[in-house]
Amino acid sequence: MESELKDLNSNPPSSKEERPLLKSDSDLAAAIEELDKKFAPYARTDLYGTMGLGPFPMTEKIKLAVALVTLVPLRFILSMSILLLYYLICRVFTLFSAPYRGAEEEEDEGGVVVQEDYAHMEGWKRTVIVRSGRFLSRVLLFVFGFYWIHESRPDRDSDMDSNHKTTSTEINQKGEAATEEPERPGAIVSNHVSYLDILYHMSASFPSFVAKRSVGKLPLVGLISKCLGCVYVQREAKSPDFKGVSGTVNERVREAHRNKSAPTIMLFPEGTTTNGDYLLTFKTGAFLAGTPVLPVILKYPYERFSVAWDTISGARHILFLLCQFVNHLEVIRLPVYYPSQEEKDDPKLYASNVRRLMATEGNLILSELGLSDKRIYHATLNGLFCKS
């Protein structure tokens, strides 16, 4: 999302004709209100206002000032210490291990890139990396003010259609009951509200994520992403031999479904973040393989500051997050969704049905908006504030 904001900021509306003429603060407020209604899934409704720019009540200014000299320095030092500690753990336990090398992929420039990760390691070293990663991710969430995380696991077996569940026993040819192990989900699918979603999923199941190739080269984070088994993708490629995001993800979903030792992959099928009240149209990448998926719904209740990463800049968001003493997270972990044959044959239908189920269970509003609409919303807001 940070790259989206950079793109928008580097290309603001250039002419006066492209910008609305605002004569007063009331005109600005009316224009923003109209935009928020049209692009509701991305609108901030917390005390901090659109783009986190306020205006702030005096009591809130006092709270922020106190937190800036107490909570923020402490939390910053602790969070960086945790990050460094886990990096050192990853470095030590991968020191004499060769990374798993996936299939070669061709880049636009004609070079060859190989997927590398340490998530395919086996044995006690992998156990240490996973368990310490899950523990330290939860500690980091605690440092950020998520002292309690409420998780619920609704049992929908009695309500689900028989096509969407697998029985543990089947009758063999002799009429005897034969136990059969349920299929392993190929992917975890979740709504996307904030970068904090990643920390939660790391603490819960330590899955792989989809990330840009540049992430693997970042200091500290790069090695950690390889221990997670992140799928590095090039989002825009001109080479006809390049498999693209969906092809790479599809292979990893199938691998996770077939192989218990393979890392589970975590996907955000919306493709971008919302304010947490809506569920956007799902992309089909997680559903192309036709394997079962595990739906997870994240909700962040708030009173003052919403941790949703929507119109607010990254630096401002992190600052306000560290200033808030208590943050809340509620998680709804649904049963594994087993697709029918019709859904396996039609990934769009499969994605749509899972999306509707998640919206119903999470009390979320369905929206047909997408990333392109979000970019329009951001660009228009930037234009309004620049004009004012």
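We number each residue from 1, going along the chain as drawn.
The backbone N, Cα and C atoms fix where each Cβ goes, glycine too.
Positions annotated as compositional bias 'Basic and acidic residues' by TrEMBL: 154-164. Annotation source TrEMBL lists domain 'Phospholipid/glycerol acyltransferase' at 186-301. The feature region 'Disordered' is assigned by TrEMBL to 1-23, 154-183. What TrEMBL lists as transmembrane segment is 64-89.
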Find the average pLDDT over the domain 'Phospholipid/glycerol acyltransferase' (186-301) in the predicted model and report it.
87
What is the number of residues in the domain 'Phospholipid/glycerol acyltransferase' (186-301) that are helix, strand and coil, as DSSP sees it?
37 helix, 23 strand, 56 coil
